[in-house]
Amino acid sequence: MTIQWFPGHMTKARRQIEDKLKLIDVVIELLDARIPLSSRNPMVDEILKGKPRLVLLNKNDLADPKATAEWVQYFADQGLPAFPIDAATGTNVKEILPRVKQLWAHKIEAMLRKGINPRAIRALIVGIPNVGKSTLINQLAGKKIAATGDKPGVTKGQQWIKVGTEMDLLDTPGILWPKFEDQMVGMRLAATGAIKEELLHLDEIALFVIKYMVQHYGAGIQERFGVQDLPDDMDNIQEMVKVMEAIGRKRGCIVSGGKVDLDKTSLIIIRDLRAGKMGRISLEKPF
Ligand code: G4P
């Protein structure tokens, strides 16, 4: 893998977040429902230091509902309220404000007891690049505010965004990188599109996807690509390549001499996975 992890980046983002945390009541941590742990910043617990937190499992339209339910339980067991959303369509987004209010209810009650009129709750959205922060902010604000699809490294202006009268939102200051120096984490991030596929070898990512699919979602491959004979031994690389070749042949990825174009086949597999065309797939499970 060619991605480098620079501790300096993390230190800078950490300082920027710690600076803003003083202004924040509740943190909304956005994760990718298909890979909740791999799409998490490795130092997030340390950085957030016990701030009230709501975990949102985004892109649930693409994730396996059974795995998502298990992840919700996994986070609940750690004392973190969590639930799935689709920021793109707005599914469950209306649930966010009441859940944030629950986390801050004790403070509001205390203010009311003292005769103070409670101000809007100040929430910070944190998440790795591409997890859907801008999309969610736009949904919550009910208009297009944050630029979606921005490349990591492009600084967005800091601004408070009003969600009705009851919540003010701030986007992640600085970039919270995932733990992509871990090979498996890198594969999951590349497969789901959180990092650019050019950073890894396409066929490596596709093989990773096929192996995982054969293991957990064999029917998805059979239905999408019409490949009936799936191998029993997932660790046999030649068997896995045979599956890829069968997919390539079905999809017409043939070069001169009748050989299968594995790069083209790999791209098809990765794009189909990301678009949900093989069904709703989670690439990481808690138990
Ligand atoms: P960021 O601010 O955290 O970096 O993420 P952003 O909102 O820009 O979203 C990244 C991509 O993820 C966008 O696609 C966006 O449409 C997509 N996305 C966000 N929420 C959801 C969701 O709930 N479901 C699905 N299926 N997609 C979602 P994009 O602009 O087309 O970028 P890309 O797909 O080319 O990376």
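Even glycines carry a Cβ here, placed using N, Cα and C.
Unlike curated entries, TrEMBL annotations are predicted automatically.
Per TrEMBL, the feature domain 'CP-type G' maps to 14-178.
In the three-state DSSP scheme, ASN130 (GTP binding site) falls into the coil class. Look at TrEMBL and you will find ASN58, LYS59, ASN60, ASP61, ASN130, VAL131, GLY132, LYS133, SER134, THR135, GLY174 tagged as GTP binding site.
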| task | Anything from the binding-site residues ASN60, ASN130, GLY132, SER134 with its Cβ under 6 A from ligand 1? List those in sequence order. | result | ASN130, GLY132, SER134
| message | Counting Cβ atoms within 10 Å of each candidate's own Cβ, which of the binding-site residues GLY132, GLY174 comes out highest? | response | GLY132
| Span of ASN58, LYS59, ASN60, ASP61, ASN130, VAL131, GLY132, LYS133, SER134, THR135, GLY174 around GTP - largest C-alpha separation, Å | 27
| query | Just how many other Cβ atoms lie inside 10 Å of the Cβ on ASN58 (GTP binding site)? | reply | 27
| Since the record lists ASN60, ASN130, SER134 as binding-site residues, which of them has the fewest other Cβ atoms within 10 Å of its Cβ? | SER134
| field | Average pLDDT across the domain 'CP-type G' (14-178), rounded to a whole number | value | 89
